Amino acid sequence: MANYFNTLPLREKLNQLGVCEFMDNSEFSDGVNALKGKKLVIVGCGAQGLNQGLNLRDSGLDVSYALRKEAIDGKRDSWKNATENNFTVGTYEELIPNADVVINLTPDKQHTAVVNAVMPLMKQGATLSYSHGFNIVEEGMQIRKDITVIMVAPKCPGSEVRAEYCRGFGVPTLIAVHPENDPAGKGLAEAKAYCVGTGGHRAGVLLSSFVAEVKSDLMGEQTILCGLLQTGSILSFDKMIEKGIDAGYASKLVQYGVEVITEALKHGGVSGMMDRLSNVAKVKAFEVSEELKDIMRPLFQKHQDDIMSGEFSRTMMEDWANGDKNLLKWRAETGETAFEKTPAGDVKIGEQEYFDNYLLMVAFVRAGVELAFETMVEAGIKPESAYYESLHETPLIANTIARKKLFEMNRVISDTAEYGCYLFDQACKPLLTDFMKKVDTDLVGKNFNEGKDGSVDNITLVNINEKLRSHQVEIVGARLRKAMTAMKAIKTA
Amino acid sequence: MTHSNMNNSKPKSLSGDLGPIVHVSNLNLQYQYKLVLKNLNWTINRGENWLLGGISGSGKSSLAKVIAGLQNAVGEVEFNFNIDSALPAKVLFVESWYQFKNVEGVANFYYQQRYTSLQAKETLTVGAELISYSKENNLEFAEVEKLLKALNFSSLRNSQLLELSSGEHKKLQLIKALWLKPQLLIIDQPYTGLDKDSRKTLNSLLDEICADGVQLILICNDTELPASINCFAEIREGQLVQVESREMISTAPERTSRELPDFLKQSPVYSSENIVKMIDVSISYGEKMVLRNINWEVKAGEKWLLQGPNGSGKSTLLSLVNGDHPQSYANNFYLFGNKRGSGESIWDIKQHTGIISPEFHWYFDASSTVWQSVASGLFDSVGLFRQLPFSQKAKVDELIEFFDLTENKDDLLSSLPLGKQRLVLLARTIIKNPELLILDEPCQGLDQQQTQYFNQLVDELCNNGMTLIYVGHFESALPSCLEKRIVLENGEVKAIESIAESCLV
């Protein structure tokens, strides 16, 4: 199988990368009708599989689960999850032939095997749904021409998809139709109905393409979302220990700080986050983040280039073939860092203290969000997609760190994201060696404002505010956040 | 304010000649523009155990939180713990309604997910929580066994914390407090959600720890109290007033009756004569049977009382009626005339019903204002996610006025006293004039006066022919419109009868 994107002429590459439309509510007025009465068969019953299935069934759709024979015979967790919630469960051979829509919710690396197994069983004119485009775009999987191929990708973990649905809301969702596989022209209608079935239409839907989804998703998760949060957390913790800050305090500041800081990002964008700092601290955070942007820009560009050329997926698939040797080794190494091994201390850290004493992370987040966004847009990805894959998802990932540090983050994200995260982290730390030498506890561990009189130069501050507020990620973000009508607070410890 | 010697107390005098355990002086507390406590003074002497009662919203819980160091205020709170005592030199506050937030391993959880069967048990269990509590506070594990048994909690040891109902969480907090035996123990609404036997047990357990030297402050208006209670007070105009006896504590003025809004006088439009019809309905998790062969019919306009001891399956039964239970789909069971799983969505079902339960309240959107909360009932969403047309806005305003909530309409729901929060949720629930109103222990956590007020409203509202399912404990006060009763025990129907026939109610 050849990388699908690389087989396209430049014109078509640009065309597919540039698909991005924020859909209006009125586009969903037909509800779930396009799927009503049809047989939806979900392959895989992990967190996404089970929770999406519960939502779709509660929306009045006919849902069952196809599992591998070994999972059924062995009464594995996936079998128990599905049967105990009263779903019909069967083997591929039993359920796929009657399915109108086959929904593939297995992990990336199983896609080729799963699709090869189900495709011959699928009836003429059925639909195959993905929640990530990797298999189609990077692995170049070819789907039978009578089959419609769609993507519905909720931008949140499975339990959240369920929780928000039960509240009468939903999570932002990205949908796409593969242009090579839409013989009857029904793909978009079915993707929209699916989206209504999981509640996504209430929280904002982005019409994308398989190509745009993959190329932006990979970039976001490798750089700002996981890679940079990991690098920034580890470097910050190590710096505090080096400077004699109490280890329990340092651990707590890093574990929860990134969540509290990005909560401000979620509500008010980069400028909302920076506005939580005093004027003196904001000027400093701006300067530090400008420096970080200069240092890290080439690395962000390298990641985007490798994603576009297919180099990233090629090396990762080599590792798949090698039994995940690198992935497992790097995962073990992350588990052994001092930050991971030091429990958060029993100290109370106030909400504002997380900003005042952790200015370095504010600078990291600003630099990372803006860099990821800029690099994606320069590479031909639409600003709306770039916003979703950078700023929008950062608080969601930060929340996983708050729960159980980097181990939890890397457990929750896909193996693909995890692999890219380690690649970034390994390259980024050496880049920042000289920079980190200059960092002292005023940036991380102690209150930056302490001992300062708080006055700043008017013109400097005006210029900084202007720069922050006029950045494209802020302009696009303000519009998209308004469309996502409700932003709810993440529960913090 | 200062919290003198909160945890490592230095006695001012030798033991045997100890001063008061707490001395509160000139306490002032203001919420936004509302003065709650005004130059409040209070001395709690050795051997005194207080009841703090009185009108809802008078500042009782706020005062307790200030004493416990959980709320800032202007003024002095001085402690004088006995360092020679074996009891921990600290004050512990048990909240009226435990807000369980920090669930390790789960960021975003909604109560309905309790009913989903999930293999991976990733969050803390009751047993693990108790072990970590015993380590934190150097407590003997053998001591807690007795408490678990006395309060019927032993069987919940392997439950995950997020599977507990709010009443069970309350019990867990009480168990921890009784186990810890702090020198000063403050309990806000100690009897919430406890059945009659558990209340009695709690009172004798409280008397036991008092005998060991714990001093109590109970905040409630209940009548059956531990024998140790020997001082009574209430807060009037921000100041503490000691009274002779429980009977001298003020009660809330009678509710001035108001005319129901027109849209609620009209009978709901019934789509079917049959509201609920269950035929041999059973629910189980793995080996554990929660409901067994339930047969039950509710017809349009009927007013049902659902009763049963803790753990008898009441909440699960209601989750079926409300469309919340994933196992609905495999059962022979009809809602509003349609077989469950025949292509209806849960939003179709919820359109016909309105529900309040302690869990629903618990997980309600804390960032909603009163107005938004009421309006969200039109869409069955937890919190408001859209704009309303004018006629619907007018309806929300009218209902808020009927419930005497106009002056609070822009306040955050979570900033109101519990009784008022419940009224907001009742308003939310009836705004669409539902065919079926489900009230699952709607008065849990409310005192007697609030309960009476609430039930009176339910009677007024149900006059228009609305169908009602009301869950209350055997001894709790009930609305008078109830006419039929279903009793569950161990997941089975123990009795279905008309209330006039049974002399129990």
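A Cβ is built for glycine as well, from the same backbone N, Cα and C atoms used for every other residue.
Note: TrEMBL annotation is automatic and uncurated.
If you look up TrEMBL, you'll see A:HIS132 marked as active site. Look at TrEMBL and you will find A:CYS45, A:GLY46, A:ALA47, A:GLN48, A:ARG68, A:ARG76, A:SER78, A:ASP108, A:LYS109, A:GLN110, A:GLY158 tagged as NADP(+) binding site. For A:ASP217, A:GLU389, A:GLU393, the entry in TrEMBL reads Mg(2+) 2 binding site. Here TrEMBL flags A:ASP217, A:GLU221 as Mg(2+) 1 binding site. Residues or ranges marked as substrate binding site in TrEMBL: A:SER278, A:SER414. For A:17-208, the entry in TrEMBL reads domain 'KARI N-terminal Rossmann'. If you look up TrEMBL, you'll see A:209-353, A:354-487 marked as domain 'KARI C-terminal knotted'.
Computed over the domain 'KARI C-terminal knotted' (A:209-353), the whole-number mean pLDDT of the model equals 93. For A:HIS132 (active site) paired with A:ASP217 (Mg(2+) 2 binding site), the C-alpha to C-alpha distance reads 9 Å.
A:CYS45 (NADP(+) binding site) and A:GLU393 (Mg(2+) 2 binding site) have their C-alpha atoms 24 Å apart, to the nearest angstrom.
Using a 10 Å radius centred on the Cβ of A:GLU393 (Mg(2+) 2 binding site) and all shown protein chains, the other Cβ atoms total 22. In the shown protein chains, 16 other C-beta atoms lie within 10 A of the C-beta of A:SER414 (substrate binding site). When other Cβ atoms within 10 Å of the Cβ of A:CYS45 (NADP(+) binding site) are tallied across all protein chains shown, the result is 28.
In sequence order, A:LYS155, A:SER216, A:MET219, A:GLY220, A:GLU221, A:LEU225, A:TYR388, A:SER390, A:HIS392 are the same-chain residues whose CB sits within 8 A of the CB centroid of A:ASP217, A:GLU389, A:GLU393, the residues recorded for Mg(2+) 2 being left out. Ranking the binding-site residues A:ARG68, A:SER78, A:LYS109, A:GLY158, A:SER278 by the distance of their Cα atoms from the Cα of A:GLU389 (Mg(2+) 2 binding site) places A:GLY158 first.
The binding-site residues in question are A:SER78, A:SER278, and the one with the fewest Cβ neighbours inside 10 Å is A:SER278.
Its Cβ placed at the centre, A:ASP217 (Mg(2+) 2 binding site) has 26 other Cβ atoms within 10 Å. In the three-state DSSP assignment, the secondary structure recorded for A:SER278 (substrate binding site) is coil. The Cα atom of A:SER78 (NADP(+) binding site) lies nearest to that of A:SER414, taking the binding-site residues A:ASP217, A:GLU221, A:SER278, A:GLU393, A:SER414 as the candidates. Residues of the domain 'KARI C-terminal knotted' (A:354-487) grouped by DSSP class, helix first, strand second and coil last, total 99 helix, 0 strand, 35 coil. Here the candidates are the binding-site residues A:GLU221, A:GLU393, A:SER414. The one whose C-alpha lies nearest to that of A:ALA47 (NADP(+) binding site) is A:SER414. The binding-site residues recorded for this entry are A:LYS109, A:GLY158, A:SER278, A:SER414, and the Cα of A:SER414 lies nearest to that of A:GLU221 (Mg(2+) 1 binding site). Per Cα geometry, A:GLU393 is the residue among the binding-site residues A:ARG68, A:LYS109, A:GLY158, A:ASP217, A:GLU393 nearest to A:SER278 (substrate binding site). Per Cα geometry, A:SER414 is the residue among the binding-site residues A:ARG68, A:LYS109, A:GLY158, A:SER414 nearest to A:ASP217 (Mg(2+) 2 binding site). Long-range Cβ proximity for A:GLY158 (NADP(+) binding site), meaning a same-chain Cβ under 8 A and a gap of 6 or more residues, is found for A:GLY46, A:ALA47, A:GLN48, A:GLY49, A:LEU50, A:ASN51, A:GLN52.
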